[in-house]
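> Got a structure for you, questions after.
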Amino acid sequence: MVEASRIFHTTLLPTFPHLHNNHKPDSHTFLTNFPRKRHGPFQVLHCSVSTENDTATKTTPTQMTIPWGCDIDSLENASALQRWLSDSGLPPQKMGIEKVDVGERGLVALKNIRKGEKLLFVPPSLVITSDSQWGYPEAGEVLKQYSVPDWPLLAIYLISEASLQKSSRWSNYISALPRQPYSLLYWTRAELDRYLEASQIRERAIERITNVIGTYNDLKFRIFSKYPDIFPEEVFNLETFKWSFGILFSRLVRLPSMGGRVALVPWADMLNHNCEVETFLDYDKSTKGIVFTTDRQYQPGEQVFISYGRKSNGELLLSYGFVPREGTNPSDSVELSLLLKKSDKCYKEKLDALRMHGLSASQCFPIQITGWPLELMAYAYLVVSPPSMRGKFEEMAAAASNKANVKKDMKYPEIEEQALQFVLDSCESSISKYSKFLQTSGTMDLDITSPKQLNRKMFLKQLAVDLCTSERRILFRAQYVRKSSLLLQFISLFILYHDKRSSMIRSINLTTGI
Ligand SMILES: C[S@@+](CC[C@H](N)C(=O)[O-])C[C@H]1O[C@@H](n2cnc3c(N)ncnc32)[C@H](O)[C@@H]1O
């Protein structure tokens, strides 16, 4: 089974490479051709996404409620979704939507399910892709002319269909979607700074939020402002974009057997993730449906899981808003930041070498419980290498880059110990940031003004504590393994030295006859 849920590339689509800047569709044609106005109860919405370095005390963002979707801690709208799906061609299922311990709502086995069994069979007619028909075709026409890429196109599609309410063919699906997807998109800048200060995921979240805002502003500037009747701001605003991107990040799948096409697959997207499960969604040509093949058996009443891909806890928090239980994710990793200091005697030469290979003076590398990549070690060699090794700077920088056709397993025995020590020191400084956060998190001022806010803040803080605990654990482990290997090196050097010394003494004794 191909990995199909591995969809959410961290770099979203901040720009529109395919948008034809100079191609301005004749707005008059559109206005005369598409005189319909959108309808529905839209409130004027205010944006609560902010990447400004504001503090929670300074600004309390206006939290608006999206007028569609539901609260996923109940089964509200789930049975209507199930009914609509079976009326629309979903074959009888061996699973049903139920409240579950992991993931709030999930698919639960109704009958015995065997290992190796194919499940779901969602027909393509029930799948949302960039080719799906628009309930409001005028919007689709405009976006087609601007060649808007898949991700923003699907985000606009979701908002457009949601705004049509009952007249959209997807209304049952949209009503069962979370009103507020769990995602770091919903964290304010102050919350990210406060709770994720120690983790590199904070940077990733800020980058992602910036990309979503950039994408929205770009669309607004190039398209929405030119067609206000088709894309009114009451409907297409940053708040609704945050919702639709939150839905895409947590539910969109890439289907390899459909040429890598990205899709929202109603029903299949009720499956929760389990780090130990290895099965993914894909299109099955023989049955012409979206399926997955179980990699274990399930008894009636047991929750059925798929894998969203081999992701670290940080990546799972970023896209899906949850952190697996400590020690249960074999793909967990932590980003360690290494720094080339300005005080380095060869700072400029080393930086030039790094830049030549697309790297910078501060670089992050993933560390797993099983070890760290060769690129990290190459970077460490470069940082600690003395001026006499300047002839090697370029090859070290190349090995530290992600270029595939470069020799990576460099060894420089003369600076190996220093390089290892440098990595260990970087781990130590990162660990101390995590420890500081974890120690203070118990007493952290939460700036709470209402019980609802208390729940939210406690929830975010718990997620941050879980993430930081798991990331620190990996660093501790990496430190332990490397310290042990340094100790072993030291012991073997000592033994070697001791052996040499005793054999020298033996030979002296022999020659002197003592
Ligand atoms: C594709 S949806 C799965 C269906 C979702 N539970 C629902 O009720 O709509 C992905 C979302 O499910 C939740 N989820 C999935 N796997 C989870 C897990 N192992 N632990 C906690 N939450 C999980 C997260 O909220 C995630 O954003």
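Yeah, the Cβs are placed from backbone N, Cα and C, and that goes for glycine too.
Residues or ranges marked as domain 'SET' by TrEMBL: 93-309. The substrate binding site annotation in TrEMBL covers Arg251, Asp269, Tyr283, Tyr308, Tyr320. The feature S-adenosyl-L-methionine binding site is assigned by TrEMBL to Arg251, Asn272, His273.
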> Looking only at Arg251, His273, the binding-site residues on record, which one has the least crowded Cβ, with the fewest other Cβ atoms within 10 Å?
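His273, out of the binding-site residues Arg251, His273, has the fewest neighbouring Cβ atoms within 10 Å.
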> Are there any residues in the same chain, six or more apart in sequence, whose C-beta is under 8 angstroms from the C-beta of Asn272 (S-adenosyl-L-methionine binding site), and if so which?
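Set apart from Asn272 (S-adenosyl-L-methionine binding site) by at least 6 residues yet with Cβ under 8 Å, we have Val100, Val102, Gly103, Gly106, Leu107, Gln303, Phe305, Ile306.
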> Name, in the order they occur in the sequence, the residues of the same chain whose CB lies under 8 A from the CB of Tyr320 (substrate binding site) and which sit 6 or more residues away.
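Same-chain residues close to Tyr320 (substrate binding site) (Cβ under 8 Å, separated by 6 or more) are Tyr182, Ser183, Phe249, Ser250, His273, Tyr308.
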> With a 10 Å radius around each C-beta, find which of these binding-site residues (Tyr283, Tyr308) has the fewest other C-beta atoms nearby.
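Across Tyr283, Tyr308, these binding-site residues, the one with fewest Cβ atoms within 10 Å is Tyr283.
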> For His273 (S-adenosyl-L-methionine binding site), what is the secondary structure state per DSSP, taken as helix, strand or coil?
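The three-state answer is strand.
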> Enumerate same-chain residues with a sequence separation of six or more from Asp269 (substrate binding site) and a Cβ-Cβ distance below 8 A; give 'none' if the list is empty.
Arg251, Val253
> Under 6 Å from ligand 1 by Cβ, which binding-site residues from Asn272, Tyr283, Tyr308?
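With ligand 1 as the reference and 6 Å as the Cβ limit, the list reads Asn272.
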> Return one of helix, strand or coil for Arg251 (substrate binding site), based on DSSP.
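The three-state answer is helix.
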